[in-house]
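Here's the structure we're looking at; comments come further down.
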Amino acid sequence: MAKDTTGRLHVTVKSGGKRKLSSKLWLERQLNDPYVAQAKRDGFRSRAAYKLREMDDKYHFLKQGQAVVDLGAAPGGWSQIAAKRVGAEAGRGKVIAIDLLEMGEIPGVTFAQLDFLSDDAPEKLRAMLGGGADIVMSDMAANTTGHRKTDQLRIVGLVESAAAFAAEVLNPGGTFLAKVFQSGADATLQAELKRNFATVRHVKPAASRQDSSERYVLAMGFRGG
């Protein structure tokens, strides 16, 4: 261990015989990430919880009594924050967490193991909520191939699919929040969001790693419904 420029201890992971360099770097980054350590202390399932909390602190889109849909929710960091802020734990708001992967129970959160891309997903979601959603949010990231153009197409395609789902289930005035990357929403998606929402902006919370190209698109004031 050694101290970095901030005075924190820095953990260096030794390379094992079978450990790939990428795995070593990932593990080293996790061990030295203050948000990872803080998430464990605060009882959050992932460091991503701080990203949502920070964005909501600034833009105030999560409100008591709202109905929230968390796409690609596992392991549940965003759902934890949403449940607290809309009062789902007290039965005032609702949070539906959707993922293909299983996810452990979270107080106030209803989990649905389904594919949001399936044709009947919007109908199932509305039935679970007893109506539309006030917020659809997605911290999903597409699987990468290492080929920049291919990966960009996958990223944009995933955000477009999430936006299309949101357009089917959001109440008027609703909010859509989704992970994009440095290029942000592409021109076609940006134009679509501007048609459907009163305001569209790109946000990079401080909890996003500085060496990451990760950003979020935040669209508020849904015009449809």
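Cβ from N, Cα, C; glycine included.
The S-adenosyl-L-methionine binding site feature in Swiss-Prot is assigned to Gly76, Trp78, Asp99, Asp115, Asp139. The active site, proton acceptor annotation in Swiss-Prot covers Lys179 and is backed by sequence analysis.
Feature map: annotations from Swiss-Prot on the structure.
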{"residue": "Trp78", "record": "S-adenosyl-L-methionine binding site", "Cβ contacts under 8 Å, 6 or more apart": "Ala48, Ala49, Leu52, Asp70, Met137, Asp139"}
{"residue": "Asp99", "record": "S-adenosyl-L-methionine binding site", "Cβ contacts under 8 Å, 6 or more apart": "Leu71, Gly72, Ala73, Ala74, Phe111, Gln113"}
{"residue": "Asp115", "record": "S-adenosyl-L-methionine binding site", "Cβ contacts under 8 Å, 6 or more apart": "Leu100, Ala121"}
{"residue": "Lys179", "record": "active site, proton acceptor", "Cβ contacts under 8 Å, 6 or more apart": "Ser138, Asp139, Met140, Ala141, Val159, Glu214, Arg215, Tyr216"}
Across all chains shown, how many C-beta atoms besides its own are within 10 angstroms of the C-beta of Gly76 (S-adenosyl-L-methionine binding site)? 25
CB contacts for Asp139 (S-adenosyl-L-methionine binding site) [other CB atoms within 10 A, all chains]: 20
